[in-house]
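Visitor: My questions all concern the structure below.
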Amino acid sequence: MSDSKSLDKIDTIVDERAVGHGPAKVPLRKRILAVVWDSLDKSPEERAFIAKIDFWILTYVCIAYFVKYLDQTNISNAYVSGMKEDLHLTGNDLNYLTTYWTIGYIIGQIPSQLILLKIRPSIWLPTLELIWGFLVMGMAGAKNVKTLYALRFFIGLLEASAYPGIMTLLGNWYTPQELGKRACIFQASSSAAQMFSGYLQAGLLRMDGKHGIAAWQWLFIFDGIIGVPIALYGYFAIPDQPTSSKAKWLPPAQKQMAIDRMEACRRRPVKRLTRRKVKEIFTSWPLYFFCAIFIAHVLGIRIYSYFNVWLKSTKKWSKSEINLIPTAGYGAQIFFTLAYAWTSDAIGMRWPVIIAACIPALIGCIILSVWPEHNIPAMMAGWILTFLETGAGALIITWINEICSESAEHRIVIIGVVEAIAFTFQAWVPLLIYDTGKAPHFPIGYQMAAMFFALEIVLTLCVWQIHKRYPVKGAKESDSE
């Protein structure tokens, strides 16, 4: 150890509470400071370390995911801002665009997570981002829907590393006490991107036809261009793992502090993925229950992406207003996502907050199922409420990181599989229940979304109880296996 006192500097260590079983017995003052911001109750040395990794890691993951989600939202905004008419899109074409992206995203998930066991995240993640940026710009040059399908597939393939890779990266550097807030701040960046996309498209409507380029094409050009410098920044900002970091901005003493912090909360570094480890992962209960929860989550939140389609169908608002009104939902999404982070850290548990997040979305789906189409305030309330569950996604992945804390291989593989399986369902289920040819008054769409949120509540309660009885332990296996 380069600094024999480094463990002592980590404030009687890193919040040794068992996450999911309530807060640790520590002084009230420290608990309050930790809830406000988790470095306030730390030593000056550790506060400086956390501030540094927040600056480098958190800024990169937030802006990188912001740009990725901006692209996903741009498809819907471009559709209602001229792309549908210019490229002669009909029927379920909007859903098919999402489906091709989802197929690429599914195929890339698990391979990307496995590659992260071999290639440094500081090389792999920014390289994918760089190629992704050029393909997004290529969307502006598409002349027909078939070209869009091909581009959306490869964009999804390259984007597959973003969410699971970043969540794994955060889990390598932050303790359970710190991870909830960072994960939800990271999740909030997607809401900010969706919110910004509406303002961006409304602004770009003024550039419609400039240099022979339509407003919806400018949307993709802008998104791809800003992705390039973010990728270049990633090569320098991503620190890999504490035990193998080559980050130039992290001095040796702080690298050792990072290792000590992870040892204190029993978060072990990545080892070889052996046959025995694979068998343990695929016979463990977290893999299957978290797949089920995340499937319900992603299928439920899909519903709010049709808000602007409903706005357009009413013929009450202009193109600009159709892009701007949904930003109210994204603004509420940001507020509630951050509220979920602070609340779950304050009580030291994830499951009650996940359930609380599902309730308003469930109510919104019930309102939309009734379809009070002549009552505009009721319809608006129903749509806005469907936005509020999104932040639970970050808490679900954080919960995986915590339950599988003692095995990095469990964390990496389970997060990859959970994402891949969930988006496999998203590739085909919306085609049946959210048919854009019948939008916005889906025959069964709103009822099915309500069912998904209700199922998420039930499954969350199941995981809470199973984890209490059958906690996941780190495997003790020989390195020679």
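The backbone N, Cα and C atoms fix where each Cβ goes, glycine too.
The structure displayed is predicted, hence computed values, not measured ones.
Dumping what TrEMBL says about this protein:
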DOMAIN    57-471  domain 'Major facilitator superfamily (MFS) profile'
TRANSMEM  123-142  transmembrane segment
TRANSMEM  149-170  transmembrane segment
TRANSMEM  215-238  transmembrane segment
TRANSMEM  285-304  transmembrane segment
TRANSMEM  324-342  transmembrane segment
TRANSMEM  354-372  transmembrane segment
TRANSMEM  378-400  transmembrane segment
TRANSMEM  412-434  transmembrane segment
TRANSMEM  446-466  transmembrane segment
Visitor: Where among 149-170, 215-238, 285-304, 412-434, 446-466 do we find the most Cβ pairs under 8 Å to the transmembrane segment (123-142)?
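Guide: Ranking 149-170, 215-238, 285-304, 412-434, 446-466 by Cβ pairs under 8 Å to the transmembrane segment (123-142) puts 215-238 first.
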Visitor: Under a criterion of three or more Cβ pairs within a distance under 8 Å and sequence separation of at least 6, are the transmembrane segment (378-400) and the transmembrane segment (149-170) in contact?
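Guide: Since 3 or more Cβ pairs under 8 Å link them, the transmembrane segment (378-400) and the transmembrane segment (149-170) do come into contact.
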Visitor: Taking only the residues in the domain 'Major facilitator superfamily (MFS) profile' (57-471), give me the average pLDDT of this model.
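Guide: 88, rounded to a whole number.
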Visitor: Taking pairs 6 or more apart in sequence, does the count of Cβ pairs under 8 Å between the transmembrane segment (354-372) and the transmembrane segment (446-466) hit 3 or more?
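Guide: In contact, yes.
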Visitor: The transmembrane segment (412-434): which same-chain residues, six or more beyond its ends, come within Cβ distance under 8 Å?
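Guide: Contacts with the transmembrane segment (412-434): 92, 95-96, 98-99, 102-103, 105-106, 109-110, 112-114, 116-117, 160, 163-164, 167-168, 270, 273, 278, 281, 284, 286-287, 290-291, 294-295, 297-299, 302-303, 306, 397, 400-401, 404, 442, 444-445, 448.
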Visitor: Could you tell me what the rest of the chain brings near the transmembrane segment (215-238), counting residues at least six beyond its ends with Cβ under 8 Å?
Guide: 56-57, 59-60, 63-64, 67, 70-71, 74, 77-78, 81-83, 86, 120-123, 125-127, 129-130, 132-141, 169, 197, 200-201, 204-208, 247-249
